[in-house]
Each structure stands twice: as C-alpha cells, then as structure tokens.
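Presented below is the structure to which this report refers.
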Amino acid sequence: MSISVQNISKSYKSIQAIDDVSFEVNEGELFGLIGPDGAGKTTIFRILTTLLLANEGNAKVLEFDVKQDYKAIRNSVGYMPGKFSLYQDLTVEENLTFFATIFGTTIEENYDLIEDIYVQIEPFKKRRAGALSGGMKQKLALCCALIHAPKVLFLDEPTTGVDPVSRKEFWQMLKRLQQKGITILVSTPYMDEASLCDRIALIQKGKILKIDSPSNIISKYDKVIYDIQSKNTHGLIHDLKNYSSHYSVYAFGEFIHYIDTNQNFNPNDLQDYLQQKNHTQIIIKPAQTTIEDVFMDL
Amino acid sequence: MKRFIGFVKKEFYHIFRDKRSLFILFGMPIAQILLFGFAITNEINNVEIAIFDQSNDVETQKIINKIKSSPYFNVENQINKESDIEKEFKKGKIKAVLIFERDFSKNLQTKNVAVVQAITDATEPNVANTIANYTSAIIQNYQSQKKQPKTNLVKVEVQSRMFYNPELKSVFNFVPGVMTVILMLVSAMMTSISITREKEIGTMEILLVSPIKPFQVIIGKVFPYIFLSIINAIIILLLGFFVFKMPINGSLLLLSFESILFIISALSLGILISTISDSQQTAMMLSLMGLMLPVIILSGFIFPINSMPLPMQIISNIIPAKWFIIIVKAIMLKGVGIQYIWKETLILIGMTTLFITISIKKYKIRLE
C-alpha cells in the first residue's frame, strides 16, 4: 500500500475542510481525487505531504506516518502544488538544477525519468520560467517534482489553467510515469480526466462520496440519461424542470441532460410536452453516462 | 553542504535579477549617505547677523569690519539693548548675534583676555554650529594677524552658546546613523521579504516537502544578505571617510566585528518578521513600521536620547540600533577599545541570541 488514509478530518477555524475521509492507494496506481473547487482536495494533499496536521485520523505514505515520520516522507515523495510553484526569475535549467541539488541528485542521474517531458521544454532551457506558457510551466513543474525519482507523486490540480492539447499530453505523460512504477495521486476538477485514472474518489464538501474505478462507477449507475436539445436552450431547461416526472435537469455541453423518475419513461410523451411549449427542432436521445453525470447525482 | 551551496546560489540569482532590490541594496546607501552628508555640511553664505557692541572701540570696530568683509556674514543691524537680542531672533531674519563685552580693548590690553559671545539660533542646529565655527575662525585669524613678536600674548576668547538646542550633536552623527539604518533595512527587510516571497509564490511548500532542513533554508536565505550588508557597511565607511572626512580612530577589526554582530541581530529580526507574515507586503510594512521607524526615531540617530521623555528613553533601550550607534561612535570618534564598550556589546549579543532563539522556535516546519 503506497498511501493509506483513515478517518481523516481537518477544519480551519469554523470551516470543516475535510470530514472523515478514508481511502487507500495501491502501489503503482494512478489514483484521482475528483471534485469541484473547495471540495477539500488540496487539504488532503497537504496532509499527505506532511504540510498540515489532521485534527483526527491517521495517514501513511509508503508506510511512514505523516505526523511522526514526516522527514522520511519528505525525502521520498514528489509534490507539485496547485499554483505554479517554481522560481519565475530563474531559467528552466536553473529551476531544474536547483531542485535536483536540494534533493541531493543531479539532472543527469535521473535524466531517463524526465527525458520524455524535458525534451519538449529543452529548447527553452535558457528562458525564465515566468516567460513560459501555461502548458510549458506545468511540464517544467512536473520535471522538478520528478527529478529525484520519487516513489510517490502528488499532483494537485496539475492541469488547471492549461490548454486542452497540453492537458491531453500531460495525462499521457502520467501514464508513462505510472508504467515506470511510480504511484500517482492526482486531483482535478475536470470530470473528463477522471476516466483516465485507475481508480477515482469523488469528493465534495470535504466528504468522499464514492471510490471505484471509473468504468465501475459508470456501469453501476442505473438511471437512464437523455440528451435533449431544442432551439431555445434557456426555455428548454425551464420547461423540463416544470415537467411533472423530471428527476434532474442540467446543461451538459451542447445538450441538456435529462433524467426521469419514471422507470417506464417514454421519450415521446416528453416530445409532445415540449412541442406544446412551442419548442422547435427538438432532439431527444439516450446519452452516454459520464463521471460528471454520476457526480451530479451524488 | 552541496544543498546549501545550491540554495545560496539560487538566492544570489534572485537578488541580482531583481532590479528593485538591487537598487535598494546599493543605490539606497549611497544616496542616503550623500544626501545626509551634504545636507549637514552645507556651506553658509551671506548669513544675516546682528552685533551688540557694548564697548564700541578700535578693536571691536576692526573685528566687525573683518566680519563684514567676509563673504559669510551680512551685518544686518546693531543692537543696543540686551533685551533686543531675543526680539531679533524671534523676527527670524538673523541667525546669530555677536556680543562684545564692555571695555573690550581695555580688557585686551590689561588682562590680555577679552570676550566675544556668539549667540546662534540653533533651531537649525547645523547652521548654528557652522556660524559659531566661522566666527571663531575669523576672530582667531584677526588675532594671529595682530600678534607681533614683541607684544604680550593677547587672547580673544570666543564663547559660543547654542540657543534653543543645548544638546547640539556632532556632524559625525550621520555616518553611524545612516550605517545603522541601512544595515537594518537591508538585513531585516530584505530577508523577511525574501522568505515571505517563497511563501507567497508557493515554493515554500516544495521546499518544506524536500530533504532540505528548515535551518538550511534560513541560513541559506540569510547568508547572501550578511555578505551584501558587509559590502554596504564598507561602502558607507569609505564614503564617510573619503567624502566627509569621518575619522575612524579605533580598531577596524573591532568595528567589523561589531558591525557583523549588528547585521546578524537585524537578520534574526528579519526572520522573526517572516515567521509572522504571509505576504511580502505585510513583511515590508512590518519591517518599515516595526523596525525602521524606531531605528530612526528612538536610536539617537536624529533625536538625542537624553532629551526624550523618560518613557521613550526606557523604550529606546530595547532597540538594538541604539547600542550599535553608541558602539560605532565610540570606536570611530573616540577610538576606544572593547574595554569601554563591552557592556553595549554584551547587550547586542544578548538581543541577537534572543531573536535567533525565538525565530528558530517560531519557524514552522509545516504550513500552519
């Protein structure tokens, strides 16, 4: 077991940041904490990286206790905090050299680990980190977190503020790192990234709502979701919410996701209802369930 | 050790790449010392003075003519009553009154001593001081011209009295003062800002979650500033010595030791500030309000401590700068050795130890 968290609670003054959180991450696993801003993801990261002490509960990283053995943990994990945490006035190369030095290693020693990522930013190695694009910064930060070959990697919202192409690349890199045997705990507010993890924990308002693999979470979801579209989207949401047997209605991309309370729901009834309400170009079709749908229902 | 060197190297990158902090580091001391220096040693020209000649004889007329002919003074008017002196000062136009005693020539001939009193308006202490010096110089010059081999030794005594500010301090006040302020500024403010910057941009989180130990971070932060502060102290002393002829009568070694001691105490205050502030701005405000102001006001640099109200005098004792200024003046001007300033040195050592202990105790190994 690489990470084990048991009944952890933490509050700041009057705010309960996380409440009785437990989960375990296996060795070599890519585990995702999925939840909106303010759900408590960063607090969990900080407790596991020994930066904060929990009010209650125990947590272990690589079998070291986060409270007593904090020094051992600090020696053997890699951490990439939420906000861009590198020295903006140092060049790419200087940043990397600095982090290598304080971890008692050199760039050359672990070059094979960062090679895939570093080759992409190497052309800019003389550029100050502050002048890099968002995606480049994330790649550099990941290099810095990896330079000492950590056994566990903590990535707190690594893709926030990064363009879709760079996000995709970033996740491909994580997959490759995982193949090298590194356990990765990653958090993200993007539901589409959840399906790329081995297992995920859905977290909201400091509580873990569900832990499972993304495919299990989706397959265990028993409700039928419909994609609905019409010309007047705003009025559509309003009218669907007034439909007597509606269970939930929310915007999802270009469609409205609609779930009915009735097991024997007939889309044609809804079509008639919407036509009465003067909707035109109505589309109603069954939708693919996503993590976000499950999350919305929790 | 490699870690430490790597860390210090990084700190130097920060310092040399930040134009603003570089300016504060090196522009400020030079600008301050030159400003203070030239503001204080300003030349006087065409100063309006009044004369109260109680004897009105040949000798006094000669001296008055000599004063009138100098470029420094304009004799504005003659005063005839002693009570008019104060009135003239209150009008504010004249800066000094020269009073010749009664029977000036007679006294000079019979007693060989005659007295000229120069009363100056010391609301502007530096001007007053200069006027007093210039008057004595003119009269002494007159005296030496008058002196002939065969005549008896005659002596004109100039007594100067500082009105309104009996505690007039020496011009040499400002070099130790500016040095103290600059060392405090550079050491405390710059360290506290550089530590809080790591907190603000979030790199402190990574540093904490790394094998580097907290004390290595602190020493690594402080080390470049010790080095830079020493350079600053040297610049200030050189400027003081060459531009303003500030003497260094005592041992340079002792002066260096005391300066390093003071730098370390200021640095430990900077660390202390950084442990209680979360943003660079807070750190800067705390350093400015909490350190700079007391240093300028309560250290005796600008306002003499013994003319402060008693509570202020008591408070001034907890300001390290006060002790450092005493030490620097004693070494530079009086040329004394450690046997005269061991008490002040011990106080500084005590304070430094206290600050370091508190800041290490307060330094957080976690985020809260």
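Using N, Cα and C of the backbone, Cβ positions are placed for all residues, glycine too.
Bear in mind that TrEMBL entries carry predicted annotations, made automatically and left uncurated.
The feature domain 'ABC transmembrane type-2' is assigned by TrEMBL to B:140-366.
Residues 14-15, 126, 171, 174-175, 177-178, 181-182, 185-186, 189-190, 193, 228, 232, 235-236, 239-240, 243-244 of the same chain, all 6+ positions outside the transmembrane segment (B:21-40), place their C-beta atoms under 8 angstroms from a C-beta of that stretch. As annotated by TrEMBL, transmembrane segment applies to B:21-40 (among others).
Per TrEMBL, the feature transmembrane segment maps to B:171-195 (among others). If one looks beyond the transmembrane segment (B:171-195) by at least 6 residues along the same chain, the residues whose Cβ comes under 8 Å of a Cβ in the stretch are 11, 14, 21, 24-25, 28-29, 32-33, 36-37, 40-41, 126, 129, 218, 221-222, 225-226, 228-229, 232-233, 236-237, 240, 244, 246-247, 259, 262-263, 266-267, 269-271, 273-274, 277, 280, 283-284, 286-288, 291-292, 295-296, 299, 301-302, 321, 324-325, 328-329, 332-333.
Within the same chain, residues 8, 11-12, 15, 25-26, 29-30, 33-34, 37, 41, 171, 175, 178-179, 182-183, 186-187, 190-191, 194, 255-256, 259-260, 263-264, 266-267, 270-271 sit at least 6 positions outside the transmembrane segment (B:222-244) and bring their C-beta atoms closer than 8 Å to a C-beta of that stretch. Residues or ranges marked as transmembrane segment in TrEMBL: B:222-244 (among others).
The transmembrane segment feature in TrEMBL is assigned to B:250-273 (among others). Through the fold, the transmembrane segment (B:250-273) approaches residues 179-180, 183-184, 187-192, 195, 218, 221-222, 225-226, 229-230, 233, 237, 283, 286-287, 290-291, 320-321, 324, 327-328, 330-332, 334-338, 341, 345, 348-349, 351-352, 355-356, 358-359, 362-363 of its own chain, all at least 6 residues removed from its boundaries and within a Cβ separation under 8 Å.
Annotation comment: TrEMBL describes B:285-304 (among others) as transmembrane segment.
The transmembrane segment annotation in TrEMBL covers B:340-360 (among others).
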